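For reference, the structure discussed in these notes is given below.
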Amino acid sequence: GQGVDEPLSATGFRQADAAGLFLSNVKFTHAFSSDLLRAKQTAATILGKNKFSSDLEIKYDARLRERKYGVAEGRPLTDLKAMAKAAGEQCPSFTPSGGETLDEVRERARDFFDFLCRLAVELEQKEQDVRAAASRSSEAPAEQSGFPWTNHCSETELSSDGASQTLDANILVVSHGAYMRNWIGYFVSDLNCSLPTDLTKSQLSSVSPNTGVSHFIVKLENGNVLKPEITCVCLNQDSHL
């Protein structure tokens, strides 16, 4: 939850190191993290291993915090399950006294995603100017960056006609398990996110393992932030662990 702001354990730091090595060839344009210590340390560790973005500023945002669990925070998971059973409800839909409902968590996720979309739209014109200048430059091409689970370059995607187009933003977001499950639920149920064909319902509803990586491509046709086209490339990737 939010109330117990503990640092990463030794295992947590090893997992963050592994995630950083896994993503070391991905060139990020922006980095956002929950302002809780365990997420901040994870984000810093990931970027510290990055070949292209080690000096990138991490911006901390309270909207990325884990779900608030009220009176259950700092107590074993078995206590939360017992509270839910006593109330005649099931986890994770049960809301302990003083905690956040799933709808409240989803609203935070929706607000932050809307912020990211608007950020990308604002960058579009600036990026177009940069590309125009780069096309006129005779400099040698820089070392390419790439995602570890795909063959395409992290800075480019293929348009419908097969031409390569540069991404306006490539954003690292570091958050928490229950929060991210709600965010992904928002993508799927509200925004009709396209999912990998081999993804099962249980995988979709499960909480990501620590430092699990999910990759989404978001397209905003003509800068329309109200109708994003979202494709899930991978969900809760853990091959680095």
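The backbone N, Cα and C atoms fix where each Cβ goes, glycine too.
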Which range of 32-51, 132-151, 152-171 is region 'Disordered', per TrEMBL: 132-151
Maximal Cα-Cα distance (Å) across residues annotated as binding substrate, namely ARG38, GLU66, ARG67, LYS68, TYR69: 17
Other C-beta atoms that fall within 10 angstroms of the C-beta of ARG38 (substrate binding site): 21
Listed in sequence order, residues not in ARG38, GLU66, ARG67, LYS68, TYR69 with Cβ within 8 Å of the centre of the substrate site Cβ atoms: GLY1, GLN2, GLY3, LEU36, ARG65, GLU73, HIS176, ALA178, TYR179
